[in-house]
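As written in Swiss-Prot, here are the features:
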type     : residues                             : note
ACT_SITE : 126                                  : active site, proton donor
BINDING  : 12, 96, 197                          : [4Fe-4S] cluster binding site
BINDING  : 41, 74, 124, 225, 226, 227, 269      : isopentenyl diphosphate binding site
BINDING  : 41, 74, 124, 225, 226, 227, 269      : dimethylallyl diphosphate binding site
BINDING  : 41, 74, 124, 167, 225, 226, 227, 269 : (2E)-4-hydroxy-3-methylbut-2-enyl diphosphate binding site
């Protein structure tokens, strides 16, 4: 059984930066260091940071006054940021710069009184943070996920609209939603550059290229990782059976009966060590030749805050 590895896979620049911010804070400041929400959606990463003294919470009221708080890569609402400042919490912001770009788009729309339509998944922390950038009662911000949502959507002024999107969505599905928005609201404006980030695009392109070459695809990533779920869904849509796994312990021998080639990729918040453990497990199940499938080279790096360098 041949093992083909997708490229690029695993950590993106935003995830690297977020983890580095927590690690540097742990090195420099007295523990505990509080992190609002999982800094990235991966249990292996979170547990490693916990073992070093990071404390993960969901709400600011779980954090003592005058503590250090790190906002996760997914970003936070203006209300959360304001509350943290009110309580004199020392803030380090690990929000991905590409999420911050979307925040700025929403903030500009809010200031101008332009209604905003966000394409994203209800309940995802990135969506909650982005929705929370809009503060103009005279306008409004609306969340849509599907073409069907667009059909049901009513706005105040169809001639004064802006759309943006969560950064980790399916490229194809989002294009369909944007087409539906433009058909229903011809005057709608959008970002000059797509909001879906380079890493999401590249990892989906890598799955597109790999899916036809393998019988089964394993996606290493957490169940609550949006971009990892999109990779599994994309392979399924292409007719390749795909499984989303946390780590090698989830790999089942029955998946590979009569299989000639298995593909492996990883979501943007999954470390390479988990991929290597999956490869070891596949070799135990009869995998032999390991081949790196060529793909887009990524050289993007996001700097950590000056105080943590």
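Just so you know, glycine gets a Cβ as well, placed from its N, Cα and C.
Known features from Swiss-Prot, placed on the structure.
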| residue | record | contacts (Cβ under 8 Å, 6+ apart) |
| --- | --- | --- |
| 12 | [4Fe-4S] cluster binding site | 197, 198, 199, 268, 298, 300 |
| 41 | isopentenyl diphosphate binding site | 221, 222, 224, 225, 226, 228, 269 |
| 74 | isopentenyl diphosphate binding site | 37, 95, 96, 99, 124, 125, 126, 129 |
| 167 | (2E)-4-hydroxy-3-methylbut-2-enyl diphosphate binding site | 96, 98, 99, 102, 126, 195, 196, 197, 200 |
| 227 | isopentenyl diphosphate binding site | 168, 199, 200, 203, 221, 267, 268, 269 |
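Those residues of the chain, other than 41, 74, 124, 167, 225, 226, 227, 269, with a C-beta within 8 angstroms of the mean position of the (2E)-4-hydroxy-3-methylbut-2-enyl diphosphate site C-beta atoms are 40, 73, 126, 168, 224, 228, 267, 268. A count of other CB atoms within 10 A of each Cβ picks out 269 as the most crowded of the binding-site residues 225, 226, 269. Within 8 Å of the Cβ centroid of the [4Fe-4S] cluster site, not counting the listed residues 12, 96, 197, the chain contributes 13, 14, 15, 73, 97, 98, 99, 167, 168, 198, 199, 200, 268. Secondary structure at residue 124 (isopentenyl diphosphate binding site), taken from DSSP and collapsed to helix, strand or coil, is coil.
Taking every pair among 41, 74, 124, 225, 226, 227, 269, the residues recorded as binding isopentenyl diphosphate, the greatest CA to CA distance is 15 Å. In the three-state DSSP reading, residue 226 (isopentenyl diphosphate binding site) counts as helix.
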